[in-house]
Amino acid sequence: MFKKWSMFAAAGALTLGLAACSSSSTDENNENVSGGSYPERAVTVVAPSGAGGGWDLTARSISKIMSDTELMEQPLTVENKPGGGGAVFMAEFATKEADNDYMLMVKSPPILINNHKAEGNSPYGYKDTKPLAQLTRDYGAIVVKADSEFDSLTSLLDAIKADPSNITLAGGSAPGSMDHLVGILPVFEYGIDPKSVKYVSYDGGGEAIASLLGGNADVIATDASTITEYVKSGDVRVLAVSSPEKLEGELSDVPTFKEAGLDTDFTIWRGIFGPKNMSDAAFEYWNTKLSEMVETEEWKAELEKNGWASEYRNADDFTTYLEEQEKVIIELLTALDMQKQ
Amino acid sequence: MSTVQFLMDGFATAFQWHNLLFAFAGVVIGTAVGVLPGIGPMSGVALLIPVTATLTSGLPAEAAAASSIILLAGVYYGAMYGGSTTSILLNTPGESSSVVTTLDGYQMAKQGRAGAALSIAAIGSFIAGIVALIGLVLLAQPLSNIALEFGPAEYFSLMLLGLAAVSGLAGNSMTKALIMTIAGLLLATIGIDAVSGIARFTYDIPVLFSGIEFLTIAVGLFALGEVFKTILEKDEEDENIAKINRIFPTKQDLKDSTPPIIRGSLLGFFIGVLPGAGATLASFFSYITEKKVSKNPEKFGKGAIEGVAAPESANNAASGGAMIPLLTLGIPGSGTTAILMGALIMYNVQPGPLLFEENPDVAWGLIASMFIGNLMLLVLNMPLVRVFAKIIQTPKKYLLPIIVAISVFGVYAVQFATFDLYLLIGCGLLGYLLSKNDYPVAPLVLALVLGPMIENNMRRALTISNGEFSIFLTSPLSLVFLIAAAAWLLVPLLLKLKGRQVIINEED
């Protein structure tokens with residue numbers, strides 16, 4: 001009788017033991033951490049989307065650099081929580097996790113957009129979090145398949161103008177969220193009713209690219225940084241990027257919206273947020289650690305590899321920047337007739 | 001270089017002693033992860049990423065990437081092996097892909113054939129793993145292109161077929177099966193809608209925003225339902241039934257299982273290739289296929305070995321198939337493959353169209369190690385069957401508290417919310433009442449998993465077609481699925497109207 005039990009228990013103990021390994025091996029160094037004993041265990045950083053998108057890559061880069069440079073003794077693990085263009089996890093983050101010092105979130109303009117758009121409004125905005133830092137800057141890209149008939153942004157826009165029901169635009173997030181805005185911004189500037197554009201939303205940038213490659217979408221709006229791999233392999237062509245000036249690297253030949261004759265641009269900043277009621281110790285810890293992280297060579301190399309521009313703002317500056325950006329987003333949504341009344 | 005040459009190089013990588021060790025550690029942990037409900041393959045792999053990062057830190061970048069992905073992938077398919085264990089022994093599915101295994105697996109265990117069920121699950125998983133790998137080596141490129149052709153319309157129709165087929169699952173009444181299916185679909189609408197971001201049926205209660213967790217419902221309905229049944233009905237007779245006659249399957253068992261294993265492997269592999277469809281759909285499609293082709297479908301749900309062999313082969317083959325979109329397109333088809341992809345990215349290895357050119361060592365080393373890992377799993381699992389199978393002999397007064405404890409721990413480990421514990425207990429009572437009145441619970445659980453996918457794909461398809469429902473009929477593949485789905489529901493109905501006795505309505 002006893003023997004059977006011990007065998008069963010052994011299998012369980014094995015798993016538990018391994019789970020414990022991840023934390024116990026690092027416990028000894030804990031005293032060196034500034035600001036008391038935080039963090040006492042692994043911290044989770046959530047990418048509120050599926051794998052492969054911009055949030056996901058940013059979260060994984062932070063986690064990687066924090067462990068590579070040994071800035072953090074405790075592991076920083078990445079979790080994907082997709083849904084509603086980030087709104088699903090945002091609701092959880094602002095309510096259930098509001099006191100959880102061990103849960104961070106990577107986010108970008110949708111934290112403002114979701115809070116102000118009329119359709120699918122999220123009642124929670126950046127004020128329901130504690131902004132910790134802005135880390136990077138990225139831009140939107142309008143992408144077609146390599147063998148597409150459209151060879152310029154203008155030819156695509158002309159086709160949409162002629163018959164909007166012929167062209168399917170896809171993106172990795174919900175209507176009214178960032179991929180959608182990036183996609184319809186040039187459309188709007190070109191004088192086409194943005195509501196007439198057919199927009200199909202997928203769970204994350206990866207699925208959107210699949211739909212483009214499989215011919216289920218004619219054009220996708222996505223982040224300039226995530227598309228380079230597919231440009232290199234020759235599968236897709238980028239028609240335009242939303243940056244104010246030409247990008248460097250793989251996309252250096254691609255015209256900007258301005259060069260395509262549209263007076264607009266769109267910056268995708270990415271930042272990291274703590275829970276609303278984050279303790280002072282945890283807040284100080286992250287403010288310090290992140291400012292140290294962005295100075296490391298490893299972080300700079302990581303940015304370059306991903307095609308991101310570095311743009312660091314500490315917690316205070318980031319909060320001020322968010323206030324300004326909120327106004328910009330409200331203006332944009334108002335122009336598109338999509339703002340919450 | 002030819003494929004064979006690449007594969008040989010891959011084996012050279014995989015046979016390095018530290019990689020053998022990594023593969024072994026991966027499959028052992030994977031088996032344990034699969035056995036324990038609550039720690040699914042997803043959290044298991046996520047948990048181990050920092051550990052492997054530390055272990056491989058001394059190696060050069062490319063080699064470190066190969067070694068860690070070998071270990072992490074080992075956890076992934078090892079969990080598919082282990083996943084059947086609690087389904088068979090305790091009626092507790094640890095993940096959605098082993099829900100159907102409970103139907104016949106638990107019945108077999110009750111009849112004292114737990115050993116046979118567990119062995120056949122291991123053997124089936126092994127064969128399926130090898131079939132999927134051969135498919136991966138030979139068909140990766142063409143299949144990844146076909147998977148891309150699968151648009152929202154095709155997904156919708158395939159999943160609708162899945163739901164229609166659910167009606168063939170368990171139970172004597174198709175009406176009751178359909179009622180449960182609809183109930184599952186309704187439950188699936190709770191939460192914030194992933195397409196529009198609008199909250200539905202949440203009543204501003206934060207715990208409902210992310211929807212109802214599948215695991216809570218499944219563990220409640222299956223495992224706790226069984227516990228309540230045993231307690232309330234004072235099921236004493238089981239003490240005698242649970243004697244184990246033999247550990248390994250009989251010749252007849254093996255003969256009966258061979259075709260289901262082969263069919264399950266192939267079906268599982270092809271469904272696994274489709275991103276998003278995954279192991280769950282594969283496992284229950286293969287179960288239903290077996291029930292349809294069987295000469296005596298009435299024995300399904302009462303301990304048919306085919307009902308264990310087919311889905312267990314299918315879910316393992318699906319995990320092999322899911323590697324195709326991951327490695328060739330950089331598109332993860334499931335939560336676990338998404339985490340595997342994240343791990344590769346951590347090592348500067350970008351899965352996608354360039355992976356096989358830029359990092360052949362990683363890609364082929366992984367494939368080769370999966371051959372070795374599957375063999376290790378078979379060798380590892382067969383002796384364990386003897387150990388696990390005896391759990392069923394544990395007296396009820398000890399076994400029931402253990403099932404309750406595992407269920408509570410498992411659910412709480414995933415959700416960290418007391419709400420889910422109340423829901424778990426509620427589902428347990430509901431599960432007892434439902435099965436007492438012959439309402440099958442499997443359709444509800446599967447509808448809960450498929451519901452959001454069906455809905456989102458339908459809405460995408462309709463956007464593409466400008467609201468024309470004809471898009472589901474003009475795509476040939478979609479049309480085939482829809483016709484099959486309609487036939488599934490209508491044929492038995494028509495036969496019944498004609499007054500003929502139909503298998504599905506046969507009372508025993």
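Cβ atoms are placed via backbone N, Cα and C, with glycine included.
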Where TrEMBL places transmembrane segment among the ranges B:151-175, B:326-350: B:326-350
Cβ contacts under 8 Å made by the transmembrane segment (B:20-49) with residues that lie 6+ beyond its boundaries: 14, 55, 67-68, 70-86, 92-95, 215, 219, 223, 335-336, 339-340, 342-343, 346, 369, 372-373, 376-377, 380-381, 384, 388, 406-407, 409-414
Chain residues outside the transmembrane segment (B:207-225) and at least six past its termini with a C-beta under 8 angstroms from it: 37-38, 40, 90-93, 95-96, 99, 102, 187-188, 190-192, 199, 201, 403-404, 406-407, 410-411, 414-415, 417, 419-420, 423-432, 434-435, 441, 444-445, 448-449, 452
Averaged pLDDT, computed only over the residues in the domain 'DUF112' (B:20-446): 83
Within-chain partners of the transmembrane segment (B:116-140) [C-beta distance under 8 Å, separation at least 6 from its ends]: 3, 7, 77, 80-81, 84-85, 88-89, 101, 104-105, 108-109, 246-250, 253-254, 257, 260-262, 264-266, 268-269, 272, 305, 308-310, 312-314, 316-321, 323-324, 327-328, 367, 370-371, 374-375, 377-378, 381-382, 385, 388-389
Positions on the same chain near the transmembrane segment (B:398-419), where near means CB under 8 A and six or more residues out: 36-40, 43, 86, 90, 92, 94, 207, 213, 215-216, 219-220, 223-224, 226-227, 230-231, 391
Outside the transmembrane segment (B:177-195), six or more residues from its ends: residues with CB under 8 Å to it: 163, 166-171, 201-202, 208-212, 217, 434, 439-441, 443-452, 454-456, 459-460
Same-chain residues at least 6 beyond the ends of the transmembrane segment (B:326-350) whose Cβ lies under 8 Å from its Cβ atoms: 40-42, 45-46, 49, 52-53, 61-62, 64-65, 68-69, 72-73, 76, 140-141, 144, 147-148, 272-279, 319, 356, 358-359, 362-363, 366
